[in-house]
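If you check Swiss-Prot, you get these features:
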type	residues	note
SIGNAL	1-22	signal peptide
CARBOHYD	Asn70	N-linked glycosylation site
CARBOHYD	Asn135	N-linked glycosylation site
DISULFID	Cys155-Cys236	disulfide bond
CARBOHYD	Asn262	N-linked glycosylation site
DISULFID	Cys326-Cys392	disulfide bond
DISULFID	Cys355-Cys425	disulfide bond
DISULFID	Cys359-Cys427	disulfide bond
REGION	401-415	region 'Interaction with ENG'
Amino acid sequence: MSPGAFRVALLPLFLLVCVTQQKPLQNWEQASPGENAHSSLGLSGAGEEGVFDLQMFLENMKVDFLRSLNLSGIPSQDKTRAEPPQYMIDLYNRYTTDKSSTPASNIVRSFSVEDAISTAATEDFPFQKHILIFNISIPRHEQITRAELRLYVSCQNDVDSTHGLEGSMVVYDVLEDSETWDQATGTKTFLVSQDIRDEGWETLEVSSAVKRWVRADSTTNKNKLEVTVQSHRESCDTLDISVPPGSKNLPFFVVFSNDRSNGTKETRLELKEMIGHEQETMLVKTAKNAYQVAGESQEEEGLDGYTAVGPLLARRKRSTGASSHCQKTSLRVNFEDIGWDSWIIAPKEYDAYECKGGCFFPLADDVTPTKHAIVQTLVHLKFPTKVGKACCVPTKLSPISILYKDDMGVPTLKYHYEGMSVAECGCR
């Protein structure tokens, strides 16, 4: 199993340690992802096998957490100041409150217009014309499923809105071979047209243009759309989209995509393989140590090790209540407390849960003990000072939806971000 997958699988541990220490996450830029397998797991010292460096472990987990969100580091404050479109916040709220609402894609991004050149309508050309400039960037391992252009349409002159609106608009993809970015003569491709009946947000499907832009992956050319708007009603001779700088209703793109890297499935399979290997190794070591200790104990004390099981078990049952057994308990994670509130938009906090309590003999079915956990518990009863109890650990993790800003300040909604909350606890 790769060290990166291991650390991502243990993300809840990283969160829990940071919260319990009540310290902000600092020096992210100093964490280097280029560690070897030994150092990235927090094992330090060539001659000190098994020495665990917690600080190094946490620093490398920070790097992998950011990498799993396609972030190279903590987004700068300057790029995270702009407020995300209300649409993205509404989308997040819908997915988190309505469990039956499932998006077609697991990643949603919004890209605001960067610039616009506008031309007013004339008698010879009765259209409002706009060249909209965007900067669309999607990781290559993601597959775009849909792209929408959202425009706010309104009547720019004072009229009685009760009469409604009547007009149309057409959207073109401005090709890269145009001589200047604000000219589109003869270098545009028709994308979509739409009738206008009411004032408000209009959604136009423009997936083909965005897919072309991403395939081109050009850093020298801007992503350009031409939008023309025409009014068909005399009572509103200036029907137009909202483009003035500072407007709350500026045009923006919404791009839906799926992560094709399949990292969740790969991580789960590798984690399962690693756990199985570790359990087999620990079982062999535990049995070997138990036999050695048993021989020493019987020679020195002349006792049968199993005679202590009954009284020990009785005392253990009397001293432990139901609440001290392995179970899932609440653990609130507040992103402001750990220094992430500048780039994580929502949730502000969530319940990560944690596993607390002991694994006492006999192990109940609700803690889903493995064969190794059962054997380790039995050996612990016989040699409590030599062999530790089985551990109460997460056995199943659940996802949360997270709305955050990436390196470029792009609002990104990741639906079902895996491994962020404990779903079940057990003895391992």
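Cβ coordinates come from backbone N, Cα and C, glycine included.
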Rounded Cα-Cα span from Cys425 (disulfide bond) to Cys359 (disulfide bond), Å: 11
Whole-number Å value for how far Cys392 (disulfide bond) lies from Cys425 (disulfide bond) (Cα to Cα): 7
Rounded inter-Cα distance in Å - Cys427 (disulfide bond), Cys326 (disulfide bond): 7
By Cα-Cα distance, the member of recorded positions Asn70, Asn135, Cys155, Cys236 nearest Cys326 (disulfide bond): Asn70
Helix, strand and coil counts within the region 'Interaction with ENG' (401-415) (DSSP): 0 helix, 10 strand, 5 coil
Disulfide-bonded residues: Cys359, Cys392 - member with fewest neighbouring CB atoms within 10 Å: Cys392
Using Cα positions only, nearest of the disulfide-bonded residues to Asn135 (N-linked glycosylation site) (Cys155, Cys236, Cys355, Cys392): Cys155
DSSP-derived class (H/G/I helix, E/B strand, else coil) of Cys155 (disulfide bond): strand
For Cys236 (disulfide bond), the one of Asn70, Cys355, Cys392 that lies nearest, given that the recorded positions are compared by Cα: Asn70
From disulfide-bonded residues Cys155, Cys355, Cys392, the one whose Cα lies nearest Asn70 (N-linked glycosylation site): Cys355
